[in-house]
Structures are given as structure tokens and as C-alpha cells.
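*Asks:* Pulled these features from TrEMBL for this protein:
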{"type": "TRANSMEM", "residues": "B:12-38", "note": "transmembrane segment"}
{"type": "TRANSMEM", "residues": "B:58-81", "note": "transmembrane segment"}
{"type": "TRANSMEM", "residues": "B:88-108", "note": "transmembrane segment"}
{"type": "TRANSMEM", "residues": "B:114-134", "note": "transmembrane segment"}
{"type": "TRANSMEM", "residues": "B:146-165", "note": "transmembrane segment"}
{"type": "TRANSMEM", "residues": "B:199-217", "note": "transmembrane segment"}
{"type": "TRANSMEM", "residues": "B:238-263", "note": "transmembrane segment"}
{"type": "TRANSMEM", "residues": "B:283-308", "note": "transmembrane segment"}
{"type": "TRANSMEM", "residues": "B:329-349", "note": "transmembrane segment"}
Amino acid sequence: MGMLEAILITIATAATPLLIAAIGELVVERSGVLNLGVEGMMVMGAVTGFGVALISGSPWLGFLAAILVGALFSLLFAFLTLTLVTNQVATGLALTLLGLGVSGMLGESFVGLPGVKLGSIYIPVLTDLPLVGKFLFGQDPIFYLSLLLTGSVGYFLFRTRAGLTLRSVGDNHASAHALGINVILIRYLAVMFGGACAGLAGGYLSIVYTPQWVENMTAGRGWIALALVVFASWRPWRVLAGAYLFGAVTIGQLHAQALGIGVPSQLLSSLPYLATVVVLVLISGNRRLTMVNTPASLGRPFVPDR
Amino acid sequence: MRIELVKRPQRSALFSALSPFIALALTLVAGAIMFSLLGKNPLDALYYYFIDPLREVWSLHELAVKAAPLILIAIGLSVCFLSNNWNIGAEGQFIMGAVAGSILPVMYPDFQSWVVLPLMLIMGMAGGAAYAAVPALLKTRFNTNEILTSLMLVYVAQLFLDWMVRGPWRNPQGMNFPETRNFHEYAILPEIWASSGRAHWGFIFALVAAVAVWFMLSKTLRGYEVKVLGQSPRAGRFAGFSSAKMVFFAFVVSGALAGLAGISEVSGAIGQLRPTISPGYGFTAIIVAFLGRLNPLGIVAAGLVLALSYLGGEAAQISIGVSDKVARAFQGLLLFFVLGADTLIHYRIRFVATGSRKLEASHGNA
Amino acid sequence: MATPPETSDANLLEVRGLTKIFGTLKACDHIDLTIGKGEIHALLGENGAGKSTLVKMLFGTLEPNAGEILWNGQPVRISNPHIARKLGIGMVFQHFSLFDALSAAENIALSLDDKTPISTIAAKAKALSYSYGLPLDPHSLVGDLSVGERQRIEIIRCLLQAPELIILDEPTAVLTPQEADKLFETLERLRAEGKSILYISHRLEEVKRICDRATVLRHGKVVDHCDPRQETAASLARMMVGSEVQAVVRPPVEDANNQAALLEVRKLSRAPATPFSIPLRDISLDVRAGEIIGIAGVAGNGQGEFFEAVSGEVQQADAGSVRIRGKDAGRLSITGRRLLGAAFVPEERLGHGAAPRMTLSENMLLSRHATDRKAFLGVAGVVRKHAISTASQRVIEEMDVRKSAPDPEAASLSGGNLQKFIVGRELDRRPAVMVINQPTWGVDAGAAAHIRQALIELARSGSAVLVISQDLDELFEISDAIAVMHNGMLSRPIPIAEATLEKIGLLMGGAEPGHVEHSREPA
């Protein structure tokens, strides 16, 4: 395996959790809901994924648990914002704070334990291809799942009637309600899908990316995923591009640290965060682009009259 | 069963006053359940969390030490949140205030005079305000989401502090520990009542800030401007208020208060800079702001409650062996209940049994 | 007197005792209504009479508290719009239920309950639209379409479901008179095909023209069933309002030619601020002391952008493009323009003209914190609550604002009462220039008459008044001259004596001013 391919694979591993979480949030935002709790749901997924994998010995059960916990955790957010019509921004923050607190509590006994790893796939001949074999055919299964997820969400949103309905709810919930579309139900489902994705992304961090549990181990990735959705102007394939860009920045700075190029490591570590800010500035500065693409009902409360 | 909201014609004054208490009560109930699940006697646990720290004078001082930064930051956040500016980077502004305020005692340790402390406080406020002005500038100039930028800058500030105390500002006599030199006596924020405990002037700053900002918000045109722009930006524009100027005002005020909290913490409670100077005050203050219903006077009370949960966490760890991490979970839960209870201010909640909607075929005359 | 609804097999829809209660308000109180097959049935009533609530119950977006609905003689429960559509009820909403970010075909697909592919829907919609003479491009993005085109989508969407009963809620409110004529042709053709139509309007002339029967609502109750062709507009109005509506009195302008222009707009242009907004092109206009100039136009032709530019909510680069009382104001903020003596009332009441969750006295300060600084503010900007609530009380009495609490939140007032307060807040200053956008939109007849009369009195007392309105009846009632805005351009004002509905309508539809001048020549 060449150096370049090794780097490509680490980039993919860094990008995959961002991609999965951002795709989930994209669906949520397309339905008109802004869930800022991605970080909280992700860290909950990370701690339960790690714990269940450790106790059961099966990474797959870990992923399943991470998905379930992410979805359940998002249900809290959905109940508050959709049923009790609380402020979505504040409630999303609450979800993040709660997730960080609860995961710290749950994960205390896991600190320092080695995690259960998930193997990479191996297809004879294909995986052994020179240059690209391992990158294309020799990664972990969740990597392939993340690509499949991106494609299916793109297909669902823009090629199916259900996807059209979801987008219509995000564009104008009053019109959707007037046509008899169950706005609240669709939003509940979207939020839970987003929660499941964030949970899976968290599980990936603690099972594949760095197989261990460290408090606050998401380290802002949930927030970067939120920024990616804006960066991608709510389009799935652009999320993929953005996630790999961030994966590259993350891995690039790690390699630079390892090489010891004379720049403080803290500066290099802050690059993904600074890159997020720069990217947001570049995208948001184009007001026309953001105005046309932002789901018009995003973050607005909806109470049907009865 | 289904839950329906019925909009009240007027906001309910009763529930405005009651909602923080409902939220606290619900948090206690949830906490009791949580402790039972952890196999602890819930009454004991709640006692150690919320009563025990109040029994001794030194411990009340500790309460004031912890409450001071929470209150100062949350007051600034109330101005932001009321004007619909979502500054969630107070943790970073706190750190940058602490760093800027430490320039004099760390870089010029020989400059020892009574003017040092006032200068440090001013520089701390300036540092926090300048750091907060970054997301404000990006929001007004490039239409960038301030939630994400202000939060990203927290991580940058943490790494910056880490670099400073390990690199250029490391104590030359410190045996390579990652910390700055200890502040000299002119750079230390004095205790309020030194003979009985550690509480320093930061708490007084918090009370003064609370009264000042309360006055501004509830009595002056500027406060009116904050609320109009927060509730309906178009009405604010119609009034001739500038939302761009308001973005700067809110961020700068809250950054300055977070910076003041930062330098007060460093100079009053710690006495030097270290890689970590805050147990997440900037984030917990978000909870304080909402629990205080975004009213600076309410925030003083709310800040004391949250400070108590920090102290209680430590007390419970020592006495009944519950992890102090439980306190963080508690705090998160509290914010959820606060937000949920606030719904009662604007809505009446009705429970409807599904499928039992009455449809009488009455044909009486009207 | 009220003729009881007859029951016969020919009835498509029969409604008995339908009641809807919101909190303490009986929005609909034991409504009886029958609609026969092949009938155009008018539902008449003022704003707030309960028309919209009633049709929402018929279409399933609201559930009634009591009463029953019979469809072809069978009792039915319409708990959601899917059931309504399945029965054969179609609806054209007043405020449209469309999605700006989606194409016309996607918009149509969303209300069809089967799984027909979008391409098939697009083809069908196109064919149907041409057969009714309402041409439609199914692939265009709704956000880019005019109001009239949007309504076409609503109508075609409704017709594609092959409904037996079509409900139209205030369909002509957004159309030019000529477009309305076209709509009436379509409706008559549908009637000829045996469809039934429930036609909601408060425009009496058109009801008399196309409707076979009418049901009149007032305060949530049926007050009468009648044959509109046997009634006069005045008698219908009396049924709706319950009393004689005060006619607005418009005395002539004194010495009209020697009055100074207090508001001058000179070659005002503005690039579009958002992808969906209209650029303003080279607008010039004078409004003299003592007169009211009306600006007519179909919604979305730049009226909102024009209001922003004239009021100073958006400033111009050219200081001379707006002049108030002879002074350049183009680069002044809205506050600066107010200080020159101008006052403004925007179209949207809640969230623009008033902050919804603030009390009336707090809202008093919204537009007057600078002009009444001395009275309302003390040292260091401290708000003088007493002075403000006194002023607010004065406005409430002057304009007869009805409210439920001493100082209620703006959002709790009815549309008419809040509008009276907002207009009164500005009148209380005796402004030299008044610019008002849609002064009586969604306001009941009594309040509308009160506001219109107050505007005339303001003008005749020496102020210049500019009224932007979609309501042509209103403009003809109060204006001394009417200009028409179309696609960001403004026509020359036509003196009211020369203005006809046809002429204004053609300009609203985009006809060249020269062409219209010609059409005035007797044939």
C-alpha cells in the first residue's frame, strides 16, 4: 500500500463521520427543522456505541445501539420543538449540553479501555489491486454505507414523491398543512432520521476512527457537520465533497504535526475550526445562493389551528 | 392521546413567573429517579447536591466564586438572546478576556502598582469584546451564521491558551509545568471579606452588571431596541433601528462581560493562567440565562442555582460516591425543562384522547 | 327575510348546524348551507365573519365542534383534505397553498393523492390549462411567477382532481379587472359542465354578476339566504354589515393647482434586493398638499419595494430621488424622513407596523421615539411610560380601537382594530406627508370607512397622502388621482375624473400607457 493511498484512506475515515452526520442533518433541515443538537446526539452515539460494542464484543451491535440512541435522543428535541413549539436554536443547544453531560456520566467507566474494532472488508483480487485497491475495495463497511446513504438520500429527496413531500414541508409548512400533509409527523420522522445518522456517526468515531472512549470526543464534529450542510447549500453530493475537504484538512494538519514543520501544533489543530469559519464566510457571502437554497421554513415554529 | 396547544390571547404573567420553578421541580424529580437508578438514596443525594453546600460560610464563599462568572456571562448572553443574536462562543470570549487581561502581570511582572488591576480588568473586557466582535463582523459583513462561527472560535481560543501557557508564556521558574508565572499581589483581585472565605470582587461585578443591564433593558430606549429587533426585525427596521449595529452592540457587550468574567476568574480565583481555566462556564451560562428568563435579576438567582449544582456535584462525589459528571447531566436536563415549561407562557396545553372528538349533530337555534 | 334552505336530491352539499369555536370565540355558529348541482353559490361576509373558517371545515383543514355535513345526501366526516378531495371537493385558497421553491408540476403533484409520475402530471396540467385558456408552463418555478399565474396553478391543480364542488376563496382580490373577467368565463364554463362552485367574496358587483344564490354570514352566523340578482349592492352590503355603511365623503381639494408638492419622487430606481423581488425603474411622482394620490397595481409589482424606498427603510444613493417638504431625503434613514414630517404605514400589521408580542403603548414608541423624543424619553434615553400610555390612550379613543384589556398585546387585537391603532398612531402626529400601503387590507367595513375618512381629512387639512392599494374600489373612493404600478414602473397619475375601471385595469395588466390613452377615445 502506497503512502498516498494510506493518506487517502485516513482522509476517508476522518470524512465518514462528518458525512453521515451532515447527511442526516440535511434531511432534517430540508423538512424545515434546525436541530443544533448534532454534537449531543453524536456524542451519545459514541458513548453507547463504544459501550455496547465493548460489552457485547460485537461492533455491529455497537452501531445498532448508537443508531437507536441517536434516534431516541433526537425524539426529545422533536417533542420539545414540534409538540411544545420551543425555540429550535435554544433546544438544539440544550440537546448538545445534555448529550455532553449524560455521555460524560455514562462513559466514566469506559475511559482508558481498549475498544472493539471493526475490520475492513477484503475482496480477493480487487482489494489487492495496486494503487487504488485498498481505497476502493478494502475499507470498513460503514465507509461504503456512508456513500450509499448519500446516494439514497439524494434519490429520495429529488426523485421520489415522499421526498417531494418532505421538501414541500420545509419550503412552506402552512401550504403543506392546507393541502392535508401531516407536517408534524413528517418533521418527527426527519428529526429521528437525523438523530439516527448522528448516532451512527458518533459510533463510527468510537468504534472505527479512534477505538476508545474519551469525554467530549466528538470535539466539535457535530458543529462542523452543521456547517457542512450550509456549505453544501442543502445538496447531498456537495455534502460529500465538503466532508472530504474537511477530512483532508484534518489529516493534513495531523501529518504536518507529525513532520514537525515548526508551526505550533495548536495552530495546526485549530485549522479544521478556522477552515469551517472561512468556508462559511465564502458560502454565506453569496446571498443569492443562500437565499435560493435555504429551506424557507427553516427554524420557524409551526402551530396548526384546530 | 395527543397534545394540543391553544394559543393564549395574552402572555400569562402567572406562568412567566412560575416556569423556572416548574422546571426546577421537574429537574429534581428527574434527578431523584436518576439517583434511584444509580442505586443511591435519592433524598440523600439531593441533600448533598442542594443543601449541604449551603451549610457553611466558606462554602457560601465558594458558591459566590462559581456564581460570579456564570452570572456575568449570562447577563451578556441575555442581551444577545433577547436581540436574537445567538452568541454561543462565550467560553472563547471568557478565555480571550483572561489572556488579554493577563498581559501585564505575565509580560511585565516588574510593573507593580495599584493601576495594574484596573488596567487588567479593562484589557480583559477589551479582549473578550474584540473576540466577540469577530462573529459579529462576519454576520453583518458576510451574512455568516453566528452560532457556528462563535462556537468554532471557542475551540480556537482553547488551543490558543494552550499554546500560550506551554509556549511563550510558560513560567520560567515553573519546572516546565504548563502554566504562567503566578500573578503578583497588585494583580490579584481581592477577596470581598477575606477573613471568612475566598469570594472575590468578581461577584460584586456580577451584581453591579446585573442591575445596570436590567436598568438598560427594562427602562431605556436601548433596551426597547434590543427587544424589538429580537422579536420582529422588520418592525425594528420600521422603527429605524439598525440590526447591524445591534449585532455589534450585543456581541460586544456580552464579549466584554465574558472577558471580565475571565480575567476576574484568573486574577481572583486562580492567580495564574493554565491550559484549562473554565469548567465550561461559557456553556453553562446559556442554561443560567434561560433559567433566569433572560432577565438580569433573574439571572443572579439562576447563577446561584447552577453554581450550587457544581458545588453539589463535588460534595456528592465525596460523600456518596456519585461522579461529579452527574452535575453536567443535571444541568442539561434543567435547560430542557426550562424550555418546555416556557411553552406554558404562550400556550395552554390540552390533552386530547385520540379518536374521541365529539361531533354532536345538534341543530339547535343560535 | 331568510328563506330556509330547501332540501332536495339536487343538493350536492348540505351543511347543518356547523359550529367552530376558538377559545371563547364562536367563529362559526350553527351554519346552515346548501349547494345545488351546477350552481355558483356565493358566500358573503365581512372580514372576520367566519367565511374562511367555514370553508376550512368543508375542506378538512379544520374540524368542526358540532354540526353535520351531507354530501349527495349522505352524512360525511371530513377530517382531512385527502377525504375532501376523495369526495370531490377542490379548493383554491385565498393566500395560495403553493411552494415557491418547487416547480408548477411538483406543486400540482403534492395535492394529487395517487402516485402518477411528475412528467405525466406536467403533460396533463399543460393540456388542461390550455383547454381552459389559462396557459401554464408546468416546469416553471413558482417563486418566479406573477400572482395571476400562481392562481392559475391553484385552479389547474384543483381541476385536475375532477372535483364536483370547487371552493374559491376571494379569487379576484389579486387579479386585474380583465383577468377577473377571464376567470368568470372559466367559472361559467364549469357551471355549464355541471360543476358546483362555492364562491367567497366581499365584492358585491361580481357576486351579483355570476352567482345564482348567496348565503350571507355575519359574526359567525348565517343572517340571510338570497338571490343576489334580486338584490342591490347596497342591500347586500347592509346584510353583510348589519347596518348602513357610512359612505366616505370626499370634498374637493381647495385651490388644487397652487399647492406645493410635499412629497416628490424623482427618477427613483432600485436594483432587486433578493432573487424574488422586483427592480424599480425610473419612478417619478409628486404628491401635493391637500391631495391623495392612489397607486394601483396587482400584488408583487414592486409596491413593497417602492414603499421601502420612499419610507427610507432602504436608503438610496441619490439624495434627490426622494424629497420631503422640499428637502432631499433620499439618503436619510426612515427616522430622518420622519423628522422631516413624514409618516409611514406598512402593509403588514403584525411584525412590521407593530411588534406582535408588545403592548399597544410599547408599540406607540415604535415609530415615534425620535419625533416625540422630548415627550416620550427622559435623560439617558429612559422611557417615560406614563407619557406614552397617555398618548396611546388618546389614539385608542380617537380611532375607536376596541380591545379586551387596558393595554393589550398587539397580536391580540382583530385586524381592523390593530390597523386603526397603527394608522391613528401616525395621524396623531399630524404628519405633513403620509405614505400608506394597503390601508384597509383584511379590515372590516366599519373600520375601513373610518380609516379612509381619516385619510381624506388629513389630506384636506393640508397634508400630502400617498395610498398604495390593491383594492380598486378603495382607490376610486378616496383618491384625487390614480397611478398604476406594473413591473416596477409607475404610470402617470390619472385624475380621478378621467379614470375608469377599464383604463386602470389595462395599465395593471401591463398595457402601454399610450395605448390606454388611445383606448379612452370614444369608438
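Just so it is clear, glycine is given a Cβ too, placed from its N, Cα and C backbone atoms.
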*Asks:* How about long-range neighbours of the transmembrane segment (B:146-165): same chain, 6 or more residues beyond its ends, C-beta under 8 Å?
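*Replies:* For the transmembrane segment (B:146-165), the sequence-distant neighbours (Cβ-Cβ under 8 Å, at least 6 residues beyond its ends) are 85-89, 91-93, 95-96, 98-99, 131-132, 134-136, 138-139, 178-180, 247, 251, 273-275, 277, 282.
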*Asks:* Given a Cβ distance threshold of under 8 angstroms, which distant residues of the chain, six or more beyond its ends, lie next to the transmembrane segment (B:88-108)?
*Replies:* 69, 73, 76-77, 116, 119-121, 123-132, 135, 147, 149-158, 160-161, 164, 169, 180-181, 183-184, 187, 254-256, 258-263, 265-267, 273, 277-278, 280-283, 285-286
*Asks:* So which residues does the transmembrane segment (B:114-134) touch in its own chain, when a touch means Cβ under 8 Å and the partner is 6 or more beyond its ends?
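*Replies:* For the transmembrane segment (B:114-134), the list is 87, 89, 92-94, 96-105, 149-150, 153, 157, 186-189, 248, 251-264, 267.
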*Asks:* When each of B:12-38, B:58-81, B:199-217, B:238-263, B:283-308 is checked against the transmembrane segment (B:329-349) for Cβ pairs under 8 Å, which one has the most?
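*Replies:* Highest pair count goes to B:12-38.
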*Asks:* In the same chain, who gets a Cβ under 8 Å from the transmembrane segment (B:58-81) while lying at least 6 residues past its ends?
*Replies:* 87, 90, 94, 192, 196-200, 202-203, 205-207, 209-210, 213, 217, 226, 230, 249-251, 253-258, 260-262, 264-265, 268-269, 278, 281-282, 284-286, 288-290, 292, 294-296, 299-300, 302-304, 306-308, 310-311
*Asks:* Checking distant contacts: for the transmembrane segment (B:199-217), what same-chain residues at least six beyond its ends satisfy Cβ-Cβ under 8 A?
*Replies:* 60-62, 64-65, 67-69, 71-72, 75, 78-79, 82, 189-193, 223, 226-227, 253, 257, 260-261, 264-265, 268-269, 295-297, 299-300, 303
